[in-house]
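Student: Under the heading Ca(2+) 1 binding site, Swiss-Prot lists ASP51, ASP53, SER55, PHE57, GLU59, GLU62, citing similarity to another entry as support. What Swiss-Prot records for ASP90, ASP92, ASP94, ALA96, GLU101 is Ca(2+) 2 binding site, and it gives similarity to another entry as the kind of evidence. Under the heading domain 'EF-hand 1', Swiss-Prot lists 38-73, citing sequence analysis as support. Positions annotated as domain 'EF-hand 2' by Swiss-Prot: 77-108. Positions annotated as N-acetylalanine by Swiss-Prot, on the basis of experimental evidence: ALA1.
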Amino acid sequence: AFSGILAEADIAAALKACEAAGTFNYKAFFAKVGLTGKSADDIKKAFFVIDQDKSGFIEEDELKLFLQVFSAGARALTDDETKAFLKAGDSDGDGAIGVEEWAALVKA
């Protein structure tokens with residue numbers, strides 16, 4: 001799903017680092033997976049991969065399954081992790097992360 005954007009080895013390392021429930025940190029994950037240093041274009045491409053229902057927003061249910069977009073065998077985020085992730089990215093308070101909010105979150 002992320003071929004041409006992210007390296008498989010980086011994805012594997014990023015997933016390994018947050019294997020245990022409660023250890024997911026979006027900033028650390030973005031850095032490890034190599035997203036932080038990507039172009040605005042690649043960051044937007046990643047958004048559209050994560051936006052599974054193609055609504056133009058990443059909603060709470062998509063955030064919960066965020067890691068599984070990177071690898072089908074990955075765990076779901078805990079409710080606390082999901083809510084913290086949403087709160088960090090949802091700057092306008094509409095309950096979802098839009099593409100501009102996503103770009104700002106990745107670069108934060």
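Cβ atoms here come from the backbone N, Cα and C positions, even for glycine.
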Student: Give the nonlocal contacts of the domain 'EF-hand 1' (38-73) in its own chain as ranges (CB under 8 Å, at least six residues past its ends).
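Tutor: Non-local partners: 1-2, 5-6, 11-12, 14-15, 18, 24, 79, 82-83, 85-86, 89, 95-99, 102-103, 106-107.
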Student: Quick check: of the recorded positions listed here (ALA1, ASP51, SER55, PHE57), which one has the Cα closest to that of ASP92 (Ca(2+) 2 binding site)?
Tutor: PHE57
Student: Could you check which of the recorded positions ALA1, SER55, GLU59, GLU62 is the closest Cα neighbour of ASP94 (Ca(2+) 2 binding site)?
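Tutor: Sorting the recorded positions by distance from ASP94 (Ca(2+) 2 binding site), the top entry is GLU59.
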Student: Suppose the Ca(2+) 2 site is ASP90, ASP92, ASP94, ALA96, GLU101. Which further residues of the same chain have a Cβ inside 8 angstroms of that site's Cβ centroid?
Tutor: PHE57, GLY89, SER91, GLY93, GLY95, ILE97, GLY98
Student: Find the shortest Cα-Cα separation between GLU101 (Ca(2+) 2 binding site) and the recorded positions ALA1, SER55, PHE57, GLU62, and name the residue that gives it.
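Tutor: Nearest in space to GLU101 (Ca(2+) 2 binding site), counting only the recorded positions, is PHE57.
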